[in-house]
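What follows is a set of notes on a single structure, which appears directly below.
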Ligand code: ADP
Ligand code: MG
């Protein structure tokens, strides 16, 4: 079978399981580059897609490929352009209309079901306290999470945990659920990412089954809501969640919530929800230090029964600082490389593998990126941010963007002014000073800036 025919067949198998935007996002511009020695080499447009395919779709891809060609044993992902599959993709997949669109809120995590996920609770049994590594960056949230298990519904209710991408929030909050169930199997636990919750509400409204849905969430002993920041975008969803929250809270049922930022930094969060969250325990996860990164790599390499030298692990731990998922990604690439090559992996080989991570442009800091992250963070448009809009809710984000440019890029005041529609340099100075002053009296702002800085590093 030709390479592009194989890929076409694989995509046809994958496509029905995904929402259309998802499918297009992750598979447009991909192709099979090589099929030799049992390894299918798939080319992808950039490092981000590569990481995503590896993390989310690797199993499904491999499965689909093997169904078609049993000789294929492994998949390697490289950044590059497919030869002639571009037009095939357009003809086959772009023009076709799908009969029905899945819910617009369907999240990536949900699109291909992991078999091991418990259908009752939606918990993934792989997230446990036993395999969660504790360092100074997460010890507070870890301790709080354990205390939640011991004092369910009483001491820390709600428990709100926040931090950047790939730092273990989902792992930790699911570990709470799994641990509770090992001690009290009869308790009702439910884990749900807020995007999925919203999708369920949309469906229930369409099918007139809101009653059943309310019952489902209001009958639990422990509700774990992941990535609550998405819910803040729509008032109706917040409204619904607020009622469920109150009912659970009044019955002393435990609520655990995660977010990429603290409650006060979720711009569109209704104040009554925010004050509810603030009434419980709020803990943050920061960035892991070198020792912890090393321990994480070492432990994961051991569980995968792969012998990698300490030098190689130290090298990786040194290079990848901001994201534990990326750390795992690099380790998996090393493991794959070591399976494919006869020689043991040394630091040089590791350097090549990590270089492909580090080469991604997302590590590069620019004015544009600061604007994008700040606009995203406050859920406003970049246009409003830079133009002369006087809307109240853009004034502060704008000051913060200016402050971050000054702080991180050492840009001169006049040229920051230029970036914001030709504002005068005195305005810029005033803005930066305002933020600096606010920082002295408002500890929440410090948290907010920290969350933004982390995103700037990670995005
Ligand atoms: P987040 O929800 O903050 O984006 P995840 O919980 O999904 O991050 O973590 C990303 C990956 O890193 C997961 O595979 C998770 O198991 C792993 N991970 C994160 N933190 C730890 C930790 N402290 N110990 C071991 N593995 C971790
Ligand atoms: Mg998560």
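Glycine is treated like the rest: Cβ placed from N, Cα and C.
Noted in TrEMBL for the protein shown:
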type    : residues           : note
BINDING : 166, 168, 169, 170 : ATP binding site
DOMAIN  : 155-287            : domain 'AAA+ ATPase'
DOMAIN  : 366-435            : domain 'Chromosomal replication initiator DnaA C-terminal'
REGION  : 1-85               : region 'Domain I, interacts with DnaA modulators'
REGION  : 122-338            : region 'Domain III, AAA+ region'
REGION  : 339-459            : region 'Domain IV, binds dsDNA'
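Mapped onto this structure are the features recorded in TrEMBL.
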residue: 166; record: ATP binding site; Cβ neighbours (10 Å): 17
residue: 168; record: ATP binding site; Cβ neighbours (10 Å): 24
residue: 169; record: ATP binding site; Cβ neighbours (10 Å): 23
residue: 170; record: ATP binding site; Cβ neighbours (10 Å): 20
Environment of 166, 168, 169, 170, the listed ATP site - residues of the same chain whose CB lies within 8 A of the CB centroid: 163, 165, 167, 171, 172, 258, 285, 324, 325
Listed binding-site residues with Cβ under 6 Å from ligand 2, out of 166, 168, 169: 169
Secondary structure at residue 170 (ATP binding site), reduced by DSSP to three states: helix
Composition by DSSP (helix, strand, coil) of residues within the domain 'AAA+ ATPase' (155-287): 70 helix, 26 strand, 37 coil
